[in-house]
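Student: Sharing a structure below in structure tokens format, with a few things to ask.
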Amino acid sequence: MDTAPGAGLQLQQLLPTSSATSVSVNEVSFSYKENLIGALLAIFGHLVVSIALNLQKYCHIRLAGSKDPRAYFKTKTWWLGLFLMLLGELGVFASYAFAPLSLIVPLSAVSVIASAIIGIIFIKEKWKPKDFLRRYILSFVGCGLAIMGTYLLVTFAPNSHEKMTGENITRHLVSWPFLLYMLVEIILFCLLLYFYKEKNTNNVVVILLLVALLGSMTVVTVKAVAGMLVLSIQGNLQLDYPIFYVMFVCMVATAVYQAAFLSQASQIYDSSLIASVGYILSTTVAITAGAIFYLDFVGEDVLHICMFALGCLIAFLGVFLITRNRKKAIPFEPYISMDAMPDEGAG
């Protein structure tokens, strides 16, 4: 006689479990969708920025090799480059609102890959197929490794998707792991700054570590600002939280000082060395900051974390090979050759 009620009770207990499983699956699929949107925005942004920078460089080279009296900012090419740069930066900025910081930061390798390909396509030197392959074999291998690393990063990236509300950001900001991390970072930054300023230690690692430490705070604040802006656009207003303006000021300040140190480094060291070492250091420090502040890897299994780390290492190696080849190659100006310009005095 008790069989029917017992069966009914079991059915009632199973229904919530089934419903919870369905919700969990929907949340996971939604998190993968957000990851994909963020990754695509970041890849698009870095690709467009790379094209923009090369367009502006082409504009400067073309003006320098001709008798055109116009200033560079009076040319359509330069303004097209500026427009594309703003569009690309907007795409990268928006990507932080959708995907974890640990996924977006390493995708800056796309800029290095795109610049390498553009430089090879528009190189001014005349080459034979054998010479071309021998000279640029490292670039091809580096691009392949960087693309493979990027694929692993996107595939095994963390799936933590917390709404960037003022309460959540404030809670993370005053958490003891992040406060401890900030204490260590401030001490390390002050020590590096002391050696750099007082001891005149101009080692590239010292300068780019200063850039990386500032950059880690830049990306942490960029994600907070971008996330709060997206939520506000969606109707959940976050601009009345003081933490938004604190993060915005920190974002601008760290970005400005980061650019200043990068400018100083570029006056001393080769740009390819800065690109490779800077990418490795900045990505490593930024991922660490994101893991501590936004808890990117909480709940991730060991396999995913190891594969993500492997993707980072492969991308690092790819960028290193690309920039190493660029450093060894004979310096060139992409797109156009000065000795290939039409002779003004000819017929």
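Each Cβ is built from the backbone N, Cα and C atoms, and glycine gets one as well.
Quantities reported herein were computed from a predicted structural model and do not represent experimental measurements.
Pasting the feature list from TrEMBL:
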type	residues	note
TRANSMEM	36-56	transmembrane segment
TRANSMEM	77-98	transmembrane segment
TRANSMEM	104-123	transmembrane segment
TRANSMEM	135-154	transmembrane segment
TRANSMEM	174-196	transmembrane segment
TRANSMEM	203-231	transmembrane segment
TRANSMEM	243-261	transmembrane segment
TRANSMEM	273-295	transmembrane segment
TRANSMEM	301-322	transmembrane segment
Student: If you count Cβ pairs under 8 Å, which stretch among 135-154, 174-196, 203-231 touches the transmembrane segment (301-322) the most?
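Tutor: Maximum Cβ contact count belongs to 135-154.
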Student: What residues in the same chain, six or more past the boundaries of the transmembrane segment (174-196), come closer than 8 Å to it by Cβ-Cβ distance?
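Tutor: That would be 202, 206-207, 209-210, 213-214, 216-217, 288-289, 292-293.
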Student: I need to check the long-range neighbours of the transmembrane segment (273-295): which residues 6 or more away from its ends have a CB within less than 8 Å of a CB in the stretch?
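Tutor: Hits for the transmembrane segment (273-295): 100-102, 105-106, 108-109, 112, 160, 162, 172-173, 177-178, 181, 204-205, 208-209, 211-213, 215-217, 219-220, 223, 262, 265-266, 312, 316, 319-320, 322-324, 327.
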Student: Given the cut-off of 8 Å on Cβ pairs that are 6 or more apart in sequence, determine whether the transmembrane segment (77-98) and the transmembrane segment (243-261) share at least 3 such pairs.
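Tutor: Result for the transmembrane segment (77-98) with the transmembrane segment (243-261) is no.
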Student: Among 104-123, 135-154, 203-231, point out the range having the most Cβ pairs under 8 angstroms from the transmembrane segment (243-261).
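Tutor: Maximum Cβ contact count belongs to 203-231.
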Student: Sort out the residues at least 6 away from either end of the transmembrane segment (135-154), same chain, that have Cβ-Cβ distances under 8 Å to it, and list them.
Tutor: 35-36, 39, 43, 103, 106-107, 109-110, 112-113, 116-117, 120, 127, 307-308, 310-326, 328-329
